[in-house]
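Asker: Sharing a structure with you now.
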Amino acid sequence: MTQATTATRPPATPATGRRRLADREGPLASLFLLPAVVYVVALVGVPFVLAIGFAFSDVTAGDPSYDWAGLDAYRRVFDDPVFWQALRNTLVFTGVSMVLIVVFGKVLANILIADFRGKWLVRFLVLLPWTTPVALSTVSWLWLLDSIFSPIDWLLRQVGLLEGNMYWLGRPSLATASVIAVHVWRLVPLAAVIIMAGLIAIPRDIDEAARVDGAGFWRRMFEVTIPLTMPLIAVAALFGAIFTFTDMAVVYVLTRGGPTNSTQVLASWAFVRGIEGGDVAQGAAIALFLFPLLLAAAVLILRAVRRMQVM
Amino acid sequence: MTRIVEVRGLRKTFDGRHQQVEALRGIDLATEEGEYLVLLGPSGCGKTTLLRTIAGLEQPTEGDVLIGGNVVNELPPRARQVAMVFQSYALYPHKTVLANIVFPLKAERMDRDAREKKARWAADLLGIGRLLDRKPRELSGGERQRVALARAMVREPAVFLLDEPLSNLDAKLRASARDELKRFQQRIGTTTIYVTHDQAEAMGLGDRIAVMDAGQVRQLGRPRDVYDDPADTFVATFIGSPPMNLVRRDGMLVGFRPEHLLPAEVVGAGAVKIPFVVDRIEYLSGDRHVYGTITTLGEATRVIARLPSTVTTPLTAGETADFAVATDRLRFFDPETGDRMDAVPLEWSQP
Ligand SMILES: Nc1ncnc2c1ncn2[C@@H]1O[C@H](COP(=O)(O)OP(=O)(O)OP(=O)(O)O)[C@@H](O)[C@H]1O
Ligand SMILES: [Mg+2]
């Protein structure tokens, strides 16, 4: 009786049964990747192609008709000394910020991995600059560095180091320093978290072996810790560089490139020319100038990450 | 005789998340010049903690650590003249073997030529001279251990601290590495404290053995003493495989090693006769391990007898055989505390 029923019942998991969509990895993968692909194409690919198109045209805000103009836009860009100043500023800002970001990021990472009371609060506070939107936090810096009401000036006056005002954003050298300071302030948390990941991954007994071997703090840092976290320090440095390099919000909000273009960077200059000045072709040409440099940075990041995996 | 390393009343309490862990509960220990002192004990008994406290990687909660007669509690590891080989070897993965070995000398600011010469001397002594340009990940476990040893010895420390340096090696390599380690130490004659939970290693390497349990030293003595005259039931059952048989008998525990429970015909005069109900027999590397029950010595207890291959008395499972233990092989313990008691004559109580 029971035998009869089992015989007529179909097998519990039929080998011939059709596979559901969820079982088929190929189509499923395409399906899940689709939004990302659409997103990248629409928001990165299209603007990029458009920018290339515009850079070789004579499109302006007043005359949006497309005509091929060859390298005309580039000629105009290169003839303008402000472009060269912006390029130099971009490289200086990026270089100096990158070094400072890595140094402070390393220091902060050491603080973050230390074990002390209330470290969760410190960690939270440290990560705050990275989590607030750039434009928003830069506005508060605008107030901190205000030519008349700057609290920093007030503090310096109270301590007796200063009479009158510093005019942080009004003098070329101070404005440069201010822009770099804001970049560093904003990107150090990211670098710290990246470097912290590297520090945590160092086995504890390697550090202890170095202690017993007679190495002091600095020797352990330069001969053991830093070499072992080098791939992640490189990643942190390059992230810092890319974010500084491509950013226009900080410059735009703090100084608008001033005084007299002394803090102008490529991104803000492209915006000034292309959007505010209406010369779309020139704006696109300037913006595209960022591309090869970014590409080189991205390649370096990826290579650093690969080396890390090998180790 | 100078005491290279000494600890006095050492206690170490870790503040855990939920409760406190007492890893060391009052340890007094002193090494003798040039000796090989082995810390032996089950997992979690505090061996590593003791070693790390001596090295200065942990601060004692109470008590003192002395090196060369001076209290070093406040000194950082690098000022203590100790060299440590970690269980994981802790080689610097980004440095070559040579750079690993010279690292402690570099920290001492020895000049380049002198330190390389010394590193090569150490490497040749340990037979790793041809590996100097490799990175640690390109080495086998045994080679890594030797690099770690070379790194430890170039400093000419007052004492070597070795934390289970052989536990990562396979059984065969372990035996040869053990032999090598012993010869190496005899050649350079540096006082060594060696941690292990492997009793064969401890018996083979140690000039003296400190048997530890639950943060305390249960017994300190030569391998012979520890084996033949255990201070308490913990040492008696921890050392020896199979462990010492313990039989409860009015107001005491009577102990004897499996190799001393033998057929009555091979035990001479002055022995306690014990009828032995044989249950099961195992052949292990030539010896016969006989499992069974004895009822006359005290309470009925399952015991193990180990008969060397020279004893050929036929035995059958399920039958009762006449066994005996020489009286001078019997050890007596307090059943409450487990501590050793004076010998008691047993003969008269034979049935
Ligand atoms: N950092 C620590 N925090 C809290 N408890 C610890 C810490 N280190 C060790 N302990 C505890 O102290 C006790 C002794 O540990 P220890 O590492 O000294 O044991 P061990 O004898 O070396 O063991 P094994 O043979 O397994 O290496 C254990 O109970 C362990 O859980
Ligand atoms: Mg241990």
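One is the number of the first residue shown, and numbering goes on along the chain from there.
From the backbone N, Cα and C atoms, a Cβ is placed for every residue, glycine too.
What you see is a predicted model, and the numbers here were worked out from it, not measured in a lab.
Per TrEMBL, the feature domain 'ABC transmembrane type-1' maps to A:87-301. What TrEMBL records for A:28-56, A:91-113, A:120-144, A:174-202, A:228-254, A:284-305 is transmembrane segment.
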Asker: Near the transmembrane segment (A:228-254), which residues from the same chain, at least 6 beyond its ends, have a CB less than 8 A from one of its CBs?
Answerer: 90, 93-94, 97-98, 101-102, 105-106, 134-135, 138-139, 141-142, 145, 169, 175, 178-179, 182-183, 186-187, 190-191, 194-195, 197-199, 201-202, 206, 263-265, 267-268, 270-271, 290, 293-294, 297-298, 300-301, 304-305, 307-308, 311
Asker: Which stretch, A:28-56, A:91-113, A:120-144, A:284-305, tops the Cβ pairs under 8 Å count with the transmembrane segment (A:174-202)?
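Answerer: The listed stretch sharing the most Cβ pairs with the transmembrane segment (A:174-202) is A:91-113.
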Asker: Within the same chain, where does the transmembrane segment (A:91-113) have neighbours whose Cβ lies under 8 angstroms from its own Cβ atoms, ignoring anything closer than 6 residues to its ends? I mean 6 or more beyond.
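Answerer: Residues 119, 122-123, 126, 176, 179-180, 183-184, 187-196, 198-200, 226, 233, 236-237, 240-241, 244-245, 265.
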Asker: Within the same chain, where does the transmembrane segment (A:120-144) have neighbours whose Cβ lies under 8 angstroms from its own Cβ atoms, ignoring anything closer than 6 residues to its ends? I mean 6 or more beyond.
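Answerer: Beyond its ends, the transmembrane segment (A:120-144) has Cβ neighbours at 108, 111-112, 150-152, 169, 178, 182, 185-190, 192-193, 247, 249-250, 253-254.
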Asker: What parts of the chain pack near the transmembrane segment (A:284-305), using Cβ distances under 8 Å and only residues at least 6 beyond its ends?
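Answerer: That would be 50-55, 73-74, 76-77, 83, 86-87, 231, 234-235, 238-239, 241-242, 245-246, 266-267, 269-270, 273-274.
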